[in-house]
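Going by TrEMBL, these are the annotated features:
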- Lys9, Thr169, Asp170, Thr213, Gly214, Gly215, Met216, Met217, Thr218, Lys219: ATP binding site (BINDING)
- Ser50, Asp137, Asn149: substrate binding site (BINDING)
- 279-362: domain 'PUA' (DOMAIN)
Amino acid sequence: MNLQTLVVKIGTSSLTQESTGNLAIATIAALVETLSALRHQGHRVILVSSGAVGVGCARLGLKERPRTIALKQAVAAVGQGRLMRVYDDLFTTLQQPIAQVLLTRSDLVQRSRYVNAYNTFQELLRLGVIPIVNENDTVATEELKFGDNDTLSAMVASLVEAEWLFLMTDVDRLYSSDPRSNPDAQPITLVQHLDELRQLQVETGGSGSNWGTGGMMTKIEAARIATGSGVRTVITSSQSPRNLEKILQGEAIGTHFAPQKSTSNARKRWLANAVIPSGKLYLDEGAVRAICQGGKSLLAAGILEVFGEFEASDAVQLCDRSGREIARGLVNYSSEELDRIRGRKSDEIPEILGYIVADTVIHRDNLVLSGSSSDAAELNKSDPRL
Ligand SMILES: Nc1ncnc2c1ncn2[C@@H]1O[C@H](COP(=O)(O)OP(=O)(O)O)[C@@H](O)[C@H]1O
Ligand SMILES: N[C@@H](CCC(=O)OP(=O)(O)O)C(=O)O
């Protein structure tokens, strides 16, 4: 059998009973059985589990999701321990070791910490452990949060180079609009490219339950990150965890998002998905063409406008005149320096600044194309006329 790396995400709306907030024991037990079975077949399995806030609320008798950050962080600290206790008891009955991995966005933004997280996951998987991942809600600050576990699971799938990301939720698949409020909503079974959803005018609505966050919007964003890293993504029901095995055997259950052509360069994947850009550079048509079609570095001459304040080595978004992001990269100059040298030739830089750091503003090794721009580059690469 083809042994693969699987990331499985389950949301609060599936882990808890909506009316009481108590744990949905039967769902969790079925999930534990399935993941243990997949693990025993030899697959490498990572579970991304929400539920810390929901379970913490139930434990403390709170009837709704906390509104203040401090209360949410305190409640998550209560719930995370309870949740892991339940997982450990259930997995231990099946002789399956687990580990708790709590991450904040900053753990992935910084390259050295990203590599460290990668190494830790590899060791855990090598040891046959199922890592159970959640956002470290108790310490995460607003600016450095994943915000939702759909995004976190996609970043983990990209980090560990998973083959599959399963987003398990309380609906069986994506529909043209929220099936809870629209009985005529049409099921969507396969998404080859995310642009199709725009054409179909899919409505992603809010969360269906009081406890989930983000509804389908965050799942589609997760699919964008994961498929962009070459990870096949499936939205499927948490009521039938056994379906994961059927999906792996080729059954068309849930909504499948086809993996896109992705870079095999781990550093570029980090740049595309994990870093948070601190600014934006608007480029002229020549620079956009050189980057998207020619795989060239960015020179100061092609920069029209500089937005935001950033230092050398920070990440920025590169946009065309209309503001559409075409790439991301790590700059060799600060925003203040770029404001002075934008639109100018590289050999003018020493005269303007009094020094030169590099001929390029972003070297092509530190540059990664975004979404459809990378598809265009792939197409152009295979066209010998270009
Ligand atoms: N287009 C759509 N297709 C399917 N479900 C949708 C759609 N738009 C909104 N939803 C809602 O998204 C909910 C799942 O999201 P959420 O409650 O955040 O779950 P989770 O806790 O699993 O992350 C569903 O219960 C459904 O009501
Ligand atoms: N980290 C939070 C989960 C946030 C989240 O994304 O929740 P959900 O939409 O239910 O997957 C918690 O454990 O409560």
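Using the three backbone atoms N, Cα and C, a Cβ is placed for every residue, glycine included.
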C-beta crowding around Asp137 (substrate binding site), within 10 angstroms: 23
Candidates Ser50, Asp137, Asn149 (binding-site residues) with Cα within 10 Å of Lys9 (ATP binding site): Ser50, Asn149
Largest CA-to-CA spread of substrate binders Ser50, Asp137, Asn149, angstrom: 11
Composition by DSSP (helix, strand, coil) of residues within the domain 'PUA' (279-362): 26 helix, 23 strand, 35 coil
Met216 (ATP binding site) in three-state DSSP notation: helix
By Cα-Cα distance, the member of binding-site residues Asp170, Met216, Thr218 nearest Asn149 (substrate binding site): Thr218
Stretch-averaged pLDDT - the domain 'PUA' (279-362): 96
Cβ neighbour count within 10 Å of Asp170 (ATP binding site): 22
